[in-house]
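A short write-up of the structure that comes next.
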């Protein structure tokens, strides 16, 4: 699974398909392939292990022609990274690419083998190719064959099929894995992400759950899950395909804050269905490894460390598995004891953080059961050297102060926690569904949270002339306070500290005065009453409070305490949600102070030296 591109045109489509794959490279992949058929029904399939450039060179050398084609970048889930496991897969005249996980692939494989089909690869995708080929023997069209096949597939998928004997059309089915159709003039396209098509069209249609669409040069016909023909909205996109262009935004950081809803959708794509987490989508052999884990050790730096600190509460509260979190530069120099059946998790946006990479190499010598990384950059050292990788797919992040990398790490960690609890039988189906539904709701909720921008911009003026700021939180909101503190100091150069609110009496309370803003992250939960007592301690000593809480929390503002009332969201994802106003606050304080938001002094995006 990873990236899909398809095209039906009068002109040769090889260049369009390969360029589309280039635009999807940020999503992570280990192999790439393309299949193109010309008007005389001659089909050329080329697959390569490695970079899209290697595929591009092979396509150029072969001088591939043809107006109908599909292409794919693969991140291995079923079957090792290899050319034979790379997409597209074929069965007779049928060629298929696929994103996602077919959960009943073993059952279908046995059925197909009983019918005489021979499998060349280890992938679940080849099952789809054979199923479509089988159904086409009795179906009236490729469309009908794909519809019949889709009804037999279980899991999250987006799949595209092409028939060599009929090069005038391709058929796509969507269930849990996004598919967008692009409209041209006398040509039409499809992809798993509109970014792949922005160089050929700006008009897009997004398929809905259960849709199957037939695409020709001149028409796109969509059928819903019941088989009824339906119309889907066509929209004009103003998205920027170049990550190096700030577009309408003043800074990359602001742009990347606003990209978070889409980034979260990308992170979740193919990894959750309507009510469950797809464990195999996390990595090769993930289900087997997670079923044996007795302890989790997270190692990271900076923002990624704060994400790990947040996830520690989830591992213990949701999955019932002990979890330690260590700063990589400390972990690697400590004489630690490896617990039995321990899983090492490294977190890094770049995948090249020197201390984290060194910690991984050290840990592999110390008997960890397995090492995985949660990372945003495919092909990075952490990805290559870990046993398996969970790519966040946040897209290129240019601003030094991480935003979308943090929230996508958190969503990836929450999916991992849920999968771990699921594989060990520690969470119920009902709890799994509750978590997944909260994740599905998160992108829209964050989009709504961004509407607080003007209110927070006005609030930022209170901080711009201060020299210090204190952030407080309890439970998983303590590391969210840590992340808020880090953001403020990174880009505004204001000294900021974060404390677990219960630690106030143990020192920080001595700092409280009218010149010390105190920001409190205070959603409604079982620690709220304890947090309220800490708020009163600050209030009694003349501190100026800024409390971010939902209406149910029951705070009443006055001249010493400003309440920023947030919508109520699920407790499960509230830590991710409350990150957004903290990012906006830091951004606008820095803007008022006139600092270099995207490239703050003394800092680099990726710390590749010790």
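Positions of Cβ are set from backbone N, Cα and C atoms, glycine also.
Copied over from Swiss-Prot:
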type	residues	note
DOMAIN	2-218	domain 'Glutamine amidotransferase type-2'
ACT_SITE	2	active site, nucleophile
DOMAIN	286-426	domain 'SIS 1'
DOMAIN	459-600	domain 'SIS 2'
ACT_SITE	605	active site, for Fru-6P isomerization activity
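For the domain 'SIS 2' (459-600), the number of residues in each DSSP class (helix H, G, I; strand E, B; coil) is 63 helix, 31 strand, 48 coil. If you average pLDDT over the domain 'SIS 2' (459-600) in this model, you get 93. DSSP places the residues of the domain 'SIS 1' (286-426) in helix, strand and coil in these numbers: 61 helix, 29 strand, 51 coil. Neighbours of the residue listed as 'active site, nucleophile', defined as other CB atoms within 10 A of its CB across all chains, total 26.
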